[in-house]
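The following features are taken from Swiss-Prot:
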type    : residues                                               : note
BINDING : Gly45, Glu46, Asn47, Gly48, Ala49, Gly50, Lys51, Ser52 : ATP binding site
DOMAIN  : 13-249                                                 : domain 'ABC transporter 1'
DOMAIN  : 259-503                                                : domain 'ABC transporter 2'
Amino acid sequence: MTHPSDTGPAPVLALEDISKSFGAVRALRDVSLELFPGEVHALAGENGAGKSTLIKTLAGVHRPDAGQVLLDGRPTVFHGPADARDAGIAVIYQEPTLFPDLSIAENIYMGRRPRRSFGRIDHKATRAATAALMRRLGVELDPERPARGLSIADQQIVEIAKALSFDARVLIMDEPTAALTGSEVARLFGVVRTLREQGAAVLFISHRLEEIFQICQRVTTLRDGALISSEPLDGMTEDDLVRRMVGRDLDELYPKQEVRAGEVAMSVRRLTREGVFTDVSFDVRRGEIVGLAGLVGAGRTEVARAVFGIDRWDAGEVEVEGRRLTNGAPSTAMAAGLALVPEDRRAQGLVMNMSIERNIGLTGLRTTVRAGLVDRGAERSRSLDWAAKLQVKYARIADAVSTLSGGNQQKVVLAKWLATGPRVLIVDEPTRGIDVGTKAEVHRLLSALAADGVAVLMISSDLPEILGMADRVLVMHEGRVTAEIPRSEATEESVMAAATGRAAA
């Protein structure tokens with residue numbers, strides 16, 4: 001492996017022919033990687049490709065079975081994360097772990113705050129050092145501000161500042177934008193560019209291909225634990241990268257089947273929850289995919305939760321197949337044929353320490369319970385059937401769902417609800433945090449469900465997904481529906497205009 005410039009700097013950190021196995025599973029096979037100062041390097045691959053194992057090897061969590069880690073060209077062994085940190089390597093995860101009741105400065109210098117005479121903490125010096133870090137990153141954050149209440153984006157910036165306080169030269173950013181808005185992503189990318197200009201090496205992991213092309217100069221692609229390529233992004237297209245990641249050409253990423261919409265399956269009228277959303281009305285017809293777009297905080301998820309009965313509403317009504325739903329009663333919604341795949345699959349859609357088969361079987365207990373006992377045979381048969389239909393990849397159906405990749409966890413949530421035979425399916429951010437191959441599978445599934453007559457309400461912050469999959473687009477802004485746009489007229493510009501309150505319904 002060589003740097004694109006023969007006269008360029010030597011790699012600050014490199015992996016050379018790294019292999020790592022867990023039992024009989026080979027997570028990495030002879031993988032090499034070079035990270036250069038002043039460069040943002042993407043790590044691409046589907047879930048299960050080996051990205052997490054590679055990151056943990058760089059961070060000192062895992063020791064390789066074969067191969068070596070090179071720091072400034074010299075072989076080195078990390079006996080733990082502390083060794084990697086002392087070597088100038090830091091990992092920024094998508095969910096920061098700050099102490100909420102401590103200030104930004106206290107979080108950054110936890111256990112390392114400057115001392116004055118007699119061992120007293122020098123608060124002034126701590127604040128000054130924190131302010132200097134923020135200036136270096138080109139951001140304005142008050143060092144004395146508590147971490148509680150910071151946005152995810154600001155928390156990540158604090159984590160980056162903390163890494164720099166340890167003189168980090170290599171920053172590994174693992175899905176840093178997954179929970180960020182467009183403006184927050186832009187701000188974070190500004191910080192990343194500043195780091196690059198200051199000579200840091202950044203390893204950037206994201207399922208959002210457009211971000212890789214926007215911020216990175218090179219990309220290393222893994223597939224099934226093996227190195228596929230490591231090359232400049234100049235001249236490469238998203239389709240090229242997808243082929244390297246999945247080993248094949250994807251049939252359309254948005255395989256929307258044209259279906260004639262049928263009768264109204266779900267009707268929402270003047271739904272209001274004080275201080276959250278107001279006077280929300282819309283219909284979803286059989287065979288139709290309706291996209292619900294809007295910025296973070298617009299009220300989309302809150303409407304879905306109220307419609308399903310998780311949260312109560314103050315005014316309005318919801319009907320499914322002509323049957324009025326009881327306010328605040330999910331059991332009534334389920335009995336009417338409504339299913340909800342929630343936004344946070346780990347916290348709301350799955351019981352992580354429970355098996356795959358039990359998770360899929362949770363919604364079918366009414367049919368698998370006999371004389372007060374669960375018929376395990378019936379539950380297993382049902383779970384195996386749905387896992388096969390959705391092509392869930394697992395070792396054993398009895399394994400904990402926590403052992404699955406994010407994409408396969410999402411398939412389990414979908415299987416759990418599709419097993420109920422829903423007439424109306426609400427999916428909230430159905431492809432967030434999953435790889436491009438699984439994303440295409442989910443899109444094909446939603447399209448097939450609509451073709452079979454299921455009414456689908458799809459909430460998504462991914463505009464290309466909304467435009468590619470929806471027959472109609474509803475847009476919310478500050479708790480109100482501000483536009484309803486047919487597929488033929490929906491563009492990024494028209495949706496964003498309504499999402500920012502610049503268009504009227």
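Note: Cβ is positioned from N, Cα and C throughout, glycine not excepted.
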Of Gly45, Gly48, Gly50, which of the binding-site residues has the most Cβ neighbours inside 10 Å?
-> Gly45
List the other residues in this chain whose Cβ sits within 8 Å of the Cβ centroid of the ATP site residues Gly45, Glu46, Asn47, Gly48, Ala49, Gly50, Lys51, Ser52, in sequence order.
-> Leu222, Ser405, Asp435
Sort out for me which one of Asn47, Ser52 has the most neighbouring CB atoms within 10 A, since those are the binding-site residues we care about.
-> Asn47
Would you mind listing, in sequence order, the residues at least six apart from Ala49 (ATP binding site) in the same chain with a Cβ closer than 8 Å to its Cβ?
-> Leu222, Arg223, Asp224, Gly225, Met245, Asp435
Residues near Lys51 (ATP binding site) in space but at least six apart in sequence (CB under 8 A) | Leu43, Gly45, Ile205, Leu222
Rounded mean pLDDT within the domain 'ABC transporter 1' (13-249) lands at 91
